[in-house]
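Here's the structure, in structure tokens; my notes come after.
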């Protein structure tokens, strides 16, 4: 798959405001500061498409990006960010849960896991939630450029242990683009097979 066009559509804080569910949605989920925005920019080749920040908690809404005029990339707020109020954390959690439970257009959930700190409690909870709701998902091990080959192989094995039902596990580096072609191939397959 080649991405030839990508544009920001809108940010949403309510399920009722989301676009009509007519195009497939590829959803990106993960802990705060795991690299979701960097991955989206890397996949599309557009550095400023998704706003990045070294400060966790930058994404606070559900962000929609129209890709090739055919499907959406959906950037969810990061989970596990401790520096927000309990009420804000609960609101984000409810928004994410409702979206994943109810949104018919979801083709695939791409769960980003920091390869340097793989499968923390929040990551495992997300995978269990997706499995409970029968959502197809794949795992992207981010920041893999910071690992040597032995550590990358270990991450792959750990991922398969925690997520036996994952459609794929990809080591990815937004810095070098390693894993990009493989991830785009998996995304393409999920859209075609929907």
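Note: Cβ is positioned from N, Cα and C throughout, glycine not excepted.
Spatially close to residue 30 (GTP binding site) yet at least six residues away along the chain are 36, 78, 79, 111, 112, 113, 114, 123, 126, 142, judged by Cβ distances under 8 angstroms. According to Swiss-Prot, the GTP binding site annotation covers 30-37, 57-61, 75-78, 142-145, 172-174.
When other Cβ atoms within 10 Å of the Cβ of residue 37 (Mg(2+) binding site) are tallied across all protein chains shown, the result is 22. For 37, 59, the entry in Swiss-Prot reads Mg(2+) binding site, with the evidence type sequence analysis.
The domain 'EngB-type G' annotation in Swiss-Prot covers 22-193 and is backed by sequence analysis.
The binding-site residues examined here are 33, 61; by Cβ neighbour count within 10 Å, the least packed of them is 61. Most Cβ neighbours within 10 Å, among the binding-site residues 36, 143: 36 holds that distinction in the structure as shown. According to DSSP, residue 36 (GTP binding site) is assigned to a helical segment.
Ranking the binding-site residues 77, 172 by other CB atoms within 10 A of the CB puts 77 at the bottom. Residue 37 (Mg(2+) binding site) is 13 Å away from residue 143 (GTP binding site) when you measure Cα to Cα.
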